[in-house]
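TrEMBL annotations:
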type: DOMAIN; residues: 9-69; note: domain 'HTH iclR-type'
type: DOMAIN; residues: 70-254; note: domain 'IclR-ED'
Amino acid sequence: MTTKNGTKVKTATTTLRVVEVLHEQNGSTVTEISKELGLSKSTVYKHLKTLEAERYVVKEDDDTYYVGLPFLSLGVQARRRRRLYETAKPQIQELAQASNEMANLLVEEHGRGIFLYRSDSNQAVNLDTHAGRDVYLHTTAMGKAILAYLPEERVIEIIDQHGLARMTEHTITEESELFEELRSIRDRGWAYDKEERLYGLCCISAPITDSDGEVLGAISVSGPRSRLNGERFEKELPQLVLDAQNIIELNVSYE
């Protein structure tokens, strides 16, 4: 019941863990959730029935449970409370059209990267970067752009909490290498990743900071390695991202 973060209501914690499994697995059965969380089937079933009664989960004919639409309403409301979302959205849309790729907005929350918004061009690749999707910060250009402008002690906390998981053979998994990369990002002003989270995907990102220099999030252009290479990857797209960054930061500072 009691943790270093204070007293928690065990029932509520278990319910949230069940919801997280449903979200991460895009639907699960009682048996699957039971195995994932190490809980009895009867316990899982009770939590699911409570959530179902309140319409927060739905059960399909094959006995698979999914998160319900009320979570969508909560997510939209939470996103709107982020002033960065409303301010950056028009520029993210313009960036997608100007680059003819996918453009994204990411923020850091609890040491993870959370996608707030994504805009697709006609030829954007189809990825799992929907709003609310969370990722390891060190595996993405946007995550590294955010880490580069966080206090060093906060970066260390995030590493201690979440580690440096390897997603591909190109992922940075050594702390010393990551800090060297973050210094390079600060010197350059923008970040990139070459297949560090997903094979075949490359990204270019810039941080968004306020007038006090506090990092609020990051924006990016993402696309297949076959299109994001050479001068386009090294000069053209970084400039588009930096132009969008400049406009967003001005709007954030003078709201």
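The count begins at 1 with the first shown residue.
Backbone N, Cα and C define each Cβ position, glycine as well.
Curation plays no part in TrEMBL annotations; they are all automatic predictions.
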Taking the domain 'HTH iclR-type' (9-69) alone, what is its mean pLDDT? 88
Could you put numbers on the helix, strand and coil content of the domain 'HTH iclR-type' (9-69), residue by residue per DSSP? 37 helix, 7 strand, 17 coil
